[in-house]
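Report on the following structure.
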Amino acid sequence: ACTGIENIDEAITLLEQNNWDLVAAINGVIPQENGILQSEYGVETLHGPAYGPSSHSAAASSAPSSSSAFRHVVPSRQIVERQPRMLDFRVEYRDRNVDVVLEDSSSVGDIKHILENELQIPASKMLLKGWKTGDVDDSTVLKSLHLPKNNSLYVLTPDLPPPSSSHSGALQESLNQNFMLIVTHREVQREYNLNFSGSSTIQEVKRNVYDLTSIPVRHQLWEGWPPSATDDSMTLAASGLTFPCHRLTVGRRSSPVQTREQSEEQCTDVHMVSDSDGDDFEDATEFGVDDGEMFGVASSALRKSPMMPENAENEGDALLQFTAEFSSRYGDCHPVYFIGSLEAAFQEAFYGKARDRKLLAIYLHHDESVLTNVFCSQMLCAESIVSYLSQNFITWAWDMTKEANRARFLTMCTRHFGSVVAQTIRTQKTDQFPLFLIIMGKRSSNEVLNVIQGNTTVDELMMRLMAAMEIFSAQQQEDIKDEDEREARENVKREQDEAYRISLEADRAKREAQEREMAEQFRLEQIRKEQEEEREAIRLSLEQSLPPEPKEESTESVSKLRIRTPSGEFFERRFLASSKLQVVFDFVASKGYPWEEYKLLGTFPRRDVTQLDPNKSLLEVKLYPQETLFLEAKE
């Protein structure tokens, strides 16, 4: 009320610095020239240092403990001289952090002027965000903002041209979106909130529902599918489902509805547990919540089932219960939570193609925090936040209420992000929850871009999400460029490998053809040799079987035959006139001209001797006393 500080953590830090001396803490924040505390008994002007308990002992002792009230007023008599107060600022812009130290008499424009030199960004293009108060412009004096010693700010540059990005078609965008299907099991009146990508098919949805309800796909009776969803092989993106949430009802086609007793057995017992005393909430008005609202929310939350079973074995089943319980508490308009393990969420967000990658948002819930109900109902379920998260983030959730689940998440956090991030989350107090972690995947590690606590506003949450997206977009463009270059190199290599493979195939085919040709030549040569050997054997046999050639002075009648070969050579032999014509045929065959392949022709008159009866004598066929014959190959 005195200082205008709404950040509870900042107020507690100031009190700790002043050993929980309320008066000293207030005077340490209020500018010293206004540092006058007025009680109902009079006015006291403060002298001396701002952080000395002795300087405030009179005020502390004179005011009654039961009805003391303080307010700061402008002094009418005396102005106390003081030294300039130095303020430290840590300013974040994309992947850079700039430290700025200057007096509280400086203005916001002075900070921008320093950042202009450091970041090489015109001051007129900067939006300096992160102030705890309302509207702030360049002429605002820092002293009037009542800032603590250390401050964190961040810079946005919406007027600068954003990095170029390629956009796929509407269908491709739908394939990359996540659909939340709220499936009601009719027989047991239980809802399941299932998260599917747009590329999943209706058949995959039905199979997953079979795992949850034990109703085989062929026995499932559905209500709520769009008229265009006529084929189970159709993707969710093309089926006409309502984005981001769509309600469906499933029941068993052939079996009767469960009895009332069976349904009651499947319901979770609800217990109301409350060990809090009234003293725990006596300062609830400081958070902007009256007693009735505070106790109403707390009682309502305590009556509900836990967000997640304690020491859950399967992360997917735990997330299913978390989503269902979140919907029952805060309604159906909420972020689409990824159903699966944290490793699976990493795979979905970081390890696809560079154009399809997204940021990972991890929501850490805590039922015992006084900020949880307001954060979930007013910020996390705001339509603008839900839409922005659905388009740009993969959202994964975990409940930190139970110690076993908290320990399990810290173990996962240490494994994936390192001990520093795990220790940061471990040191968070209950009233600082819920937490929203923004994770960006890099080539070798996962980087935590931001840790957003529950004491924030919708505008501030949106600005921090947009700031994270600005950093992610710059990194994504680099990844897309690297991926395109890598794919181009791989395409060239694939083309070279394919050309080499085709060349090897051609060489192998050529070699095989040559081998076949050689084998065929070898086979033909073998056949030729065998035929020649057979013919030679026949020739020798015929030559040996010929009767001896009669001598010229023989007393018997002798016929002299002169035979001309196709090559023009002549060979002569004498035969007895009584010898059969077959003997002439055998003689010609013994010379390599079998009568099956050659015909023996006479000259005058021209006749085919091979057509004559081979058993007749030479005298009978008129080849006596001499005759000239010639050989001719048969066609």
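Keep in mind that glycine also has a Cβ here, set from the backbone N, Cα and C atoms.
Of all ranges given (414-434, 540-560), TrEMBL attaches the label region 'Disordered' to 540-560. Here the region 'Disordered' (540-560) has long-range neighbours at 572-579, 583, 586-587, 589-590, 618-619, 623-627, meaning same-chain residues at least 6 beyond its ends whose C-beta is under 8 angstroms from one of its own. Secondary structure of the region 'Disordered' (476-496) per DSSP, as helix, strand and coil residue counts: 21 helix, 0 strand, 0 coil.
Regional average pLDDT for the domain 'UBX' (554-631) in the model is 89.
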